[in-house]
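Student: Copying in the features that TrEMBL gives for the protein in this structure:
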REGION    1-34  region 'Disordered'
DOMAIN    42-424  domain 'Amino acid transporter transmembrane'
TRANSMEM  113-137  transmembrane segment
TRANSMEM  198-219  transmembrane segment
TRANSMEM  239-260  transmembrane segment
TRANSMEM  281-304  transmembrane segment
TRANSMEM  324-349  transmembrane segment
TRANSMEM  376-399  transmembrane segment
TRANSMEM  405-428  transmembrane segment
TRANSMEM  449-474  transmembrane segment
Amino acid sequence: MAVGDRQDLESAAQAPLLQEAERSDEETSPAGAAEGVQSDNFLACVVILSKTIVGAGVAALPLCYALLGWPLATMGLFLTAWLTQVSIKIMMRGSSLSGKWTYPELTRSMLGPWGAAALDLSVIVRCFGLLLVYAVISSDMLVGKAGYPGVLCGPFGDTFGLRWTCNRPIMLALVHIFVLLPLCSARKIESTSGASWLGLIATAIWALATIALVVAAGVEGRLRPLYLLPDWSLLGADPVSIATNIIAIIPILATAYTNQMQVHFVANDLRPFSLQRMNKASAAAICLTTCLYLLIAVGSSAVFGVDVQPDVLENLTRPSLKPLVGSAAATAIYYIVRLSFLSSVLTIYPLQMWPLRDSLSKVLRGTEHQPSPTEFYNLTLGCLVGSLIAAMMAGSIWGPLQLTGATAGAFIAFVIPGLLSFFVKGALQRSDEPPRSPSEAPGIRKWALSSVFGWALVGLGLLQAGTGVASYYIPHGV
């Protein structure tokens, strides 16, 4: 970024955060946060936030550990987790100062209508892409593919002759009608807490199965070494191959905690609400998901070592597990892990529908408003139908989908929060009392690092987007 551009941005941060008519001397809470007697739903909000983080990407993390070594991969994971928490704190403080308690409204108040429009379009691309990914994964888990029997097609189609359980379009339609439509019809995000609990428990079962495999491998003397340094032989034979394979790994780590799209929906449902409680909820969710990530990633690396696949589920097959645990246990683990992954994917679906539906409504209407019940259900049905149709032709759009998902996700998770931090800093400095002596400058001292955090977020977002584009266009072996 040129020096002039940076000066313009910092000058803009000193401008009034909102129009004078919209400014308030006090920080605000979400609408209705103090209405009536409220039961404490902190745990439910932690579970929902955790489930928005844990998605299909967990299956790719073991490869990062195998290629980078556990210290470097863990550092990358922790750095992303920390910057995610920083971005959420910036967003919540910005909403408290501006009184805008949705992500697009907050962006509009600080970055203007073009910033809000760019965010809405990014959310639509990102969320619809994820819905499509989850639909395709669900059909793969149910129907299976070459060498990997489906959890329905295997037992019922092959054994009992119910061939319709092996028909991908039929299974996709049934999942959308009888599972996803009811899940996505909840009018409050808090209503998805039951499904979120199920999804988290399913992921925990997968983690426990991984621990069981580690124990079995230890008993059999088959544990693989955990490398301290990157495995250069796996990364490539020459510097170009090594660079391109590392480029392909970066987006996996950078997107591991993306949940900024859903944070405001959870904040609006948190009871009783305070910035401190919301920050604690997001921190607890990030810590919980980090534990699950480490158990699955490190455990899988210890069991499969350099043989780990880009999708670790491809390692969790009956032939590969049989030498460790025997035929019966290998079959049980195969189906348990796939059912757990299927449950995790299906239960995150409604959480991605919330921001998609909200941004679609704003783009179609051109105004900030809450969808009416009729509009709410029409948008839900339209998104589900679109997801179903797109999933049936996913083979032709998979590459572009990965490209747009990486770039839009970076914009949502890091670039926008990074830019917001400059405006939040300016507002907080203006709200501080003047120092009583030259040695006292509480606002400046307290928020001096805000710009550092902002540039770090923007930098990580640009790195994620750049590596996502590069890994799409440059052939790599990962």
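Cβ atoms here come from the backbone N, Cα and C positions, even for glycine.
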Student: With Cβ distances under 8 Å as the criterion, find the stretch in 113-137, 198-219, 239-260, 324-349 that has the most pairs with the transmembrane segment (449-474).
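Tutor: Between the stretches 113-137, 198-219, 239-260, 324-349, 239-260 has the largest tally.
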Student: Against which stretches of its own chain does the transmembrane segment (324-349) lie, if we need a Cβ under 8 Å and a gap of at least six residues from its ends?
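Tutor: Answer is 51-52, 54-56, 58-59, 131, 134, 137-138, 141-142, 151, 154, 175, 179-180, 183-184, 192, 195-196, 198-199, 202-203, 205-206, 209, 212-213, 216-217, 220, 222, 303, 313, 316-318.
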Student: Could you check if the transmembrane segment (239-260) is in contact with the transmembrane segment (113-137), meaning 3+ Cβ pairs under 8 Å among residue pairs at least 6 apart in sequence?
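Tutor: Contact absent: fewer than 3 Cβ pairs fall under 8 Å.
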